[in-house]
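I have placed the structure first, in the form of structure tokens, so that the comments after it can refer back to it.
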Amino acid sequence: MKLAAVAFYGLAAGLLAVGLRELLTGFEENRCSMTYMFEYPEYRRVALPRRVARLYPAYGLYLYGEGVYAQETRALKLTGAPVLFLPGNAGSYKQARSLGSVALRKAETMEGGLHFNVFTVDFNEELVALYGGSLLRQTHFLHESIKAILRLYKHLKTPPQSVVLVGHSMGGVVARALFTLPRFNTNLVSLIITQASPHLAPVLALDPYLLDFYSAVRQKWVNQANKLRNVTVLSVGGGYRDYQVRSGLTSLPCPPGDPNKLSLVVTAVPRTWVSTDHLSIVWCKELVLATVRTFFDLIDPETRQFTENSEKKLAVLNHHFIKHPVRLPGETQDTPVSISDLPDAWSEVNTLRLAYSTPKEGQPKFFLFALSSRRKAYSHFYCRSNNLEMTSWVYGCLQKNGSSCVYAVDLSKGTELLPPYKVLTLRLSDLSSFTHLFVSASNLNGKQFTVECEWQREESQTLSVAVPHVLSFGLTSSDVTINSSGLLHTIELQHFHQVYQAFRINVASQCKVQKDRLPSVYRIKVPWFREDSLTTVSVPSVTEISGMLHTSRPDNTSGALLQLHTAPNCQYKVSIRTSLPRVLGQILRFCGHMVPVYTAVTLLLTCGGQVSFILKSRRAADMSQMVGKGLQPHKVNLPVYILHIALSCSCFQEVWSMLFLPSMDTLPPTFPDATFHEEEAPGEEWVHLLSPLLYIFGAAVAYWGSTLLRLVIRLISLVLAPLHRPSVSRDCGTLRLRTQLLITLSLTVMGGTSCGALSIFASFLFHLYRVLRLQMTERSLRHMLNLAPRKHKEAENGIDPECLSKSKEISSAPLLSECALQEVRDDLQLHLCLSALFTLPVMLSGPSLIHWIRNLRYSTQLNPDPCWPYIVPLIFVYMLLINCNTLKLSNSKLLPLTSCLPLPLAIIMVTFSPLHLYRITYFLLASLVPLALCCLL
């Protein structure tokens with residue numbers, strides 16, 4: 001039985017390790033370019049009013065500078081446009097150097113002396129993603145910082161009226177929280193750019209302050225969406241390299257019709273196209289350049305400050321972060337333009353495809369395409385060019401003179417930039433006012449490039465393939481072959497619209513004729529969210545693409561698309577297989593926070609099983625055996641699922657509301673704009689179906705974690721044994737009543753005046769000492785009995801009747817006997833189970849303890865303290881259970897009732913804790929308080 005448990009939990013740990021490996025390392029290499037400072041960076045502290053400095057002694061405001069600019073701004077006489085950088089969880093204010101340095105270098109090339117003043121806030125590197133007590137304090141300090149920044153420009157004739165905010169991680173959430181302050185003037189901030197900021201929900205909800213903060217921000221931006229429509233917000237997610245904040249959480253909760261709130265993944269940003277981890281998104285040169293270019297295009301040349309025009313801000317953001325057409329923001333060329341009449345430069349194309357490479361000698365060249373003969377047979381005109389210059393290149397002809405066009409309208413607005421070339425697809429039904437199209441392939445500067453164009457029929461170049469089922473485990477594949485006679489093919493990946501799906505997509509290309517060709521681009525396009533990923537390859541080649549999603553499709557109507565920008569006259573073979581490691585990685589990415597809940601459930605049921613065993617046999621079972629029996633999905637997951645189904649009925653929901661019960665916890669929404677969907681989206685049922693697997697993962701963590709705990713206790717007891725006298729009593733490590741009361745009172749006072757987590761940790765250490773003493777006593781007794789003659793020979797796994805009869809008595813067994821050894825072993829197994837359970841409150845309160853330690857020089861008391869509601873009962877439980885043993889428990893009248901509590905509490909914990917991890921401590925207390933009372937009654 002023990003071998004079977006080891007094998008089972010070993011397999012479960014192996015699957016968990018595979019998923020963690022895929023989550024933490026199963027992504028592309030970091031292709032971001034590093035940003036460098038060409039001069040030594042300086043951070044000049046900005047003086048704040050005394051009241052502000054006294055209220056927030058741990059925080060600071062700085063101006064970034066380098067070299068000559070740093071010297072010029074020493075007196076803080078500023079003339080640029082203000083930008084304020086906000087660091088995130090444990091982030092440093094010095095992370096602003098990438099944005100500040102690139103902005104300085106870019107300003108050197110700008111005419112008129114346009115430049116930015118990049119400020120940065122020092123939030124003392126607080127762990128605000130895990131401890132929410134500082135978030136409101138950071139928000140108030142940010143408000144004061146903005147007012148202090150704007151005061152620095154009062155000497156200008158046209159001072160700035162607002163500040164642009166760039167927030168990384170939780171800094172982006174704090175930026176949006178500004179608008180929840182009652183005295184905040186919304187005109188002070190008109191543009192917010194956030195990087196890897198979890199807007200939908202916190203990554204881990206370890207205290208109620210974090211959730212209250214998120215709730216206030218969400219209610220403000222949802223309930224007053226119309227008032228905040230003029231505030232432009234851009235949220236950028238990091239992609240799969242960022243395993244700390246998954247990109248689905250970076251989606252802004254906003255009404256679908258609000259154009260000023262943009263959410264996207266960095267892999268879809270033009271001229272970036274790379275995935276970033278949680279830190280590199282700050283210094284990734286490609287993304288920093290896009291941000292700085294955006295800032296310069298947003299400058300109003302008259303005021304030399306950021307524009308307040310919402311339409312222009314949206315146009316600039318769309319240009320640099322979404323489509324990147326050839327036109328610069330604000331340029332309009334919808335009016336007809338006159339084309340120079342150069343008959344020798346014009347060529348009319350009568351074939352279905354054009355492939356033209358410019359010569360080394362510069363010359364004008366135009367290709368004319370007649371629309372009249374193509375409208376019925378074709379639906380689209382597709383063109384691409386590896387000339388990436390920002391120039392117009394495709395026109396609709398209004399008036400034709402011979403073989404040339406005289407008047408035309410620029411149609412290049414829809415151009416999209418891909419890594420190797422720019423592409424333009426025109427729908428012929430939208431070109432009814434034109435007789436011809438013409439493409440400019442002029443290279444007057446002598447630069448060589450290639451232009452390829454063709455007429456397309458959408459239905460003939462669009463294929464559909466059903467992706468394999470997620471449970472196929474890669475044993476089956478979906479294959480499709482494309483004999484490329486065109487430049488663009490689209491494969492609809494049917495049923496690929498859920499985040500738990502993950503595929504290995506292999507694309508093999510081969511050509512009959514070997515010649516130079518433009519690279520192929522494989523693009524996974526997600527219609528419902530801007531999370532496209534692009535892969536550029538040469539032809540021929542064999543390439544593997546990772547098929548995964550950051551968000552689910554709410555309506556489950558259609559799946560993602562695979563676009564292939566192909567080389568003509570080549571064959572492409574596409575094979576799609578389910579990838580089990582990536583599926584496990586996706587499960588942990590979206591459901592990983594449920595594993596600690598199931599670990600707590602397993603340990604709670606372990607203690608419950610131990611108590612039941614003591615009730616039946618008056619002795620304790622081996623801890624590993626009890627942990628192995630803590631996996632009971634049929635008793636835990638089944639009632640939760642039935643409750644979930646029942647809550648889908650309106651009548652049951654009314655009863656639920658009448659009882660004032662909170663809503664069930666499942667998962668943060670996995671689809672965009674989830675805040676505005678009251679009902680659970682179709683497809684979210686997969687979370688409940690995966691619950692048994694997550695339970696197995698949590699049980700594996702509990703099993704191997706408890707094994708590690710026992711090993712650590714044995715090693716520590718060996719080290720401490722020489723420092724203690726050998727003991728043979730089961731009461732070793734216990735406390736006298738007076739000492740117990742004194743320690744309990746002292747820890748309670750310490751928790752109330754300093755930090756509750758510190759008192760909890762100290763209480764845990766007192767109990768751990770009791771476990772160590774039991775381990776040393778068990779070893780001492782075992783060695784003594786090996787040397788002493790035995791009176792009775794026991795069966796290998798039996799119980800000595802004499803011990804059993806003596807255990808029923810109040811008095812303990814003789815000090816040196818097999819009975820005494822059995823009693824110590826029973827107490828040791830009991831306290832090992834308790835010690836494993838006690839680690840959970842310590843770990844959940846750890847972030848607040850770390851925060852308190854790091855802020856000791858500013859304040860000796862943690863305010864607010866998330867542990868204050870349960871610190872007194874938890875210390876009381878820890879202290880009482882130190883003196884507990886199996887004899888006291890077995891004689892307690894409360895034990896039958898106590899043994900019935902763990903299972904219902906485990907069900908309640910799974911129901912209400914996945915999104916509120918701090919609730920785990922309360923449910924543990926509900927089980928531990930009766931157990932502690934068993935030691936008294």
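Quick reminder: no glycine exception, Cβ is built from N, Cα and C everywhere.
Remember, predicted model here, so these are calculated numbers, not experimental data.
Averaged over the domain 'GPI inositol-deacylase PGAP1-like alpha/beta' (78-297), the predicted model has a pLDDT of 93. Among the features that TrEMBL reports, domain 'GPI inositol-deacylase PGAP1-like alpha/beta' is placed at 78-297.
Among the features that TrEMBL reports, transmembrane segment is placed at 595-615 (among others). The list of residues near the transmembrane segment (595-615) in space but at least 6 beyond its ends in sequence, with Cβ under 8 angstroms from a Cβ of it, reads 588, 621, 623, 626-627, 629-632, 636, 694-695, 697-699, 701-703, 705-706, 826, 829-830, 833-834, 836-837, 840, 886, 889-890, 895-896, 898-899, 901-903, 905-906, 909-910, 913-914, 917, 920, 923-924, 927, 931.
For 595-935, the entry in TrEMBL reads domain 'GPI inositol-deacylase transmembrane'.
When Cβ-Cβ distances below 8 Å are used as the criterion, the transmembrane segment (686-704) is approached by residues 5, 9, 12-13, 15-16, 498, 500, 587, 591, 594-603, 606, 624, 627-628, 630-631, 633, 636-637, 640-641, 644, 666-667, 836, 910 of the same chain, each at least six residues removed from its ends. Per TrEMBL, the feature transmembrane segment maps to 686-704 (among others).
Beyond the transmembrane segment (740-769), the same-chain residues lying 6 or more positions past its ends with a Cβ under 8 Å from any Cβ of the stretch are 713, 733, 831, 834-835, 838-839, 841-842, 845-846, 848-849, 852, 860-862, 865-868, 871-872, 874-876, 878-883. Residues or ranges marked as transmembrane segment in TrEMBL: 740-769 (among others).
The transmembrane segment annotation in TrEMBL covers 830-850 (among others).
If you look up TrEMBL, you'll see 870-887 (among others) marked as transmembrane segment.
Only residues 6 or more beyond the boundaries of the transmembrane segment (894-912), in the same chain, are considered here, and those with a CB under 8 A from a CB of the stretch are 597-598, 600-601, 604-605, 607-609, 611-612, 614-615, 632, 635-637, 639-640, 643, 662, 664-665, 691, 919-920, 923, 926-927, 930-931, 933-934, 937. According to TrEMBL, the transmembrane segment annotation covers 894-912 (among others).
Sequence-remote contacts of a segment are chain residues at least 6 beyond its ends whose Cβ falls under 8 Å from one of its Cβ atoms, and for the transmembrane segment (918-936) they are 205-208, 596-597, 600, 604, 607-608, 611, 837, 840-841, 844-845, 866, 870, 873-874, 876-877, 880-881, 883-884, 888-889, 892, 894-895, 897-898, 901-902, 905, 908-909, 912. The transmembrane segment annotation in TrEMBL covers 918-936 (among others).
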